[in-house]
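Marked as domain 'Transglutaminase-like' by TrEMBL: 269-361. TrEMBL lists C277, H335, D358 with the feature active site. Annotation comment: TrEMBL describes N398, D400, E446, E451 as Ca(2+) binding site.
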Amino acid sequence: MAEELVLETWDLHCDRNGQEHRTADMGCKQLVVRRGQPFTITLRFSGREYQEGVDKISFNVQTGPCPSETSGTSSHFVLTDCPEESCWSAVIQQQDGESLSVSLCSPPDARIGRYSMTLETCTDYQGSSYQIGDFVLLFNPWHPEDTVFLRDENERREYVLSQHGLIYQGTYKYIFSIPWNFGQFEDEILAICLDMLDINPKHLRDQNQDCSRRNDPVYIGRVVSAMVNCNDDQGVLWGRWDNCYDDGMSPMSWIGSVDVLKRWKNFGCQPVKYGQCWVFAAVACTVMRCLGIPSRVVTNFNSAHDTNANLTIDHYINEKGQPERESRDMIWNFHCWVESWMARPDLAAGYDGWQVLDPTPQEKSEGVYCCGPAPVKAIKEGDMLLKYDIPFIFAEVNADVVYWVVQDDGVQKQSIRSSDVGKFISTKSVGRDSREDITHNYKYPEGSEEERAVFEKAEHQKKSIGEEDEGLHLRIKVSEGANKGSDFDVFAVINNNTDEERVCRVTLCARVTSYNGTFGPQCGLIDPVDINIEPRAEKRVPMRILYEEYRDKLTQDNLIKVVALLKDHQTGDIILSVRDIYVENPPIKIRILGEPMQNRKLVAEISLVNPLAVPLNGCVFVVEGSGLTDGQLVKELEEPVEPQAEAKFRMDLMPRLSGLQKLMVDFESDQLTGVKGYRNVIIAPQPV
């Protein structure tokens, strides 16, 4: 009878497997691997070596509270000579005396999450069982059989591995980017993301069913979309849009997901105050990338919020350009959501690829505040009946905007603006800090035959009136220097494209506004003026917007909405033009002093000039960057910053990763909020 095979030690090779599975940067002490890809462990036996044909070795891997083979949350498999791709397998890789290297592999459709692993040995009916460790299994966009497989390596680096990025904001006429630290590989983030799955309501209702569905990125995406907001559960973020943030953090103050997720976890999974659409989207993007699902943040400019699903957004204003009545339908200057890459085997062929997930709580889906995943292809084609939530997203990029001008006599004049919604849909380019316009993925060109066919399929009859073309044209122009702290001019520009002189009445009105379309107080107005315009001529009517008028009214969104109305006395027609103006913050300057090298101290100099006519009080710089800083660094300035003076400080960085890193800075004061800046830093590897 052979002596029993006794396991003495084992090595899960966390570092080596982490490098091969592209999880090494997670900084975990445990093994993190991707499904469908082999990983190596080494077993060392006591007293004798493993003998094929005499000793039998098998493994058990389990996930979830009540694992079972029928639900796909448990697997028992023996050590063999050749692996099977469709199930868990273990193959001898190398034997060196009492040490045995084994290659383990999960199927490419395995459930993701935390696993425990047990080794069983059996020799002549004598056997032992050893708990040899825990590991985490993630989705694998590098594996062709994984439902999140992404073919292009550069895209995988951008949408799975990159820990920093840019999010686009502003207006469609003034698009700018803010830096964001996704930080999906930072310490504790993986554990927090897995905890999020374990406290989602579907898991609490039926833990076994929830864990058995974690092989499906469609299911995971829906859970994450719901859990990033706190409306139905112990979600991460509390949404607020009323500019009252004294009991929390302004949404403008965040520059990364790491601080948000850690605050949520450290305070017992209580919602973090406060978030708005780009914060919801960025945190969801972090979670999805962390779990291995390729994801990116997308911004839709002039995004419709169609509450009654009629694909029409109605606005009512009076002849002075002022709001006449409330409407639940809104046009957001911009709205951010997430696109995640995955196959859709639950749908007919043709809908794989980018899917919209929107964690911002707007409308309920199947009774819960979540949205998606909705195939971008289905949105473009108007396939409204497919899962999930396509009609709502279709309206966000396609709804008509109807302005009703309510005259003094009660008569309502209609002005339809069919091409106002869904403009410059944007995301960060792959491998570059530039904007990629992906509008063509969501809609056919305005007015094209394909677009009209899509509207018919979506049961929406496009209005035949279209943009007015009476021969008079009206637009709004902004002067240079629309900067915080400055006065600036806007102009109603009228073109008479007829062969006759026209007599018109022009009105201009400016109100502060929030990015979600909510009006604030008035900050500029010119009373109606009558003008004569010669044939084929242009005239401008100016309005000065004074800093003293908008200073205390401007929201943290820095937006002013200007409405111009032109009434043609000859025909009685009313022409409308609307423009949102972004009042620019001062730039943050970042200088890097010294040679950037891995594990060598580096100094950054950060500065900002006060553009206002009053001192800045309560000034705080917040700095972070994955691979550059150990979490967030906060610098509070002790003295006020006088007008036109420079706030400046220096800080030490200790780069721990080589390659391109991004240093991100947020500046807050009592008078200026949400000022962002970033600097790319290329870190040279540490010399061997």
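Each residue, glycine too, has its Cβ placed from N, Cα and C.
Because TrEMBL annotations are produced automatically, they should be read as predictions rather than curated entries.
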Candidates C277, H335, D358 (active-site residues) - the one closest to D400 (Ca(2+) binding site) by CA: H335
Overall pLDDT of the domain 'Transglutaminase-like' (269-361), taken as the mean: 91
Rounded Cα-Cα span from N398 (Ca(2+) binding site) to D358 (active site), Å: 17
Greatest C-beta neighbour count within 10 angstroms, which of the recorded positions D358, D400: D358
Sparsest-packed among the binding-site residues, when each Cβ's other Cβ atoms within 10 Å are tallied, from E446, E451: E446
Neighbouring recorded positions, C-alpha within 10 angstroms of H335 (active site) - of C277, N398, E446, E451: C277
Alpha-carbon distance [N398 (Ca(2+) binding site); C277 (active site)] in Å: 19
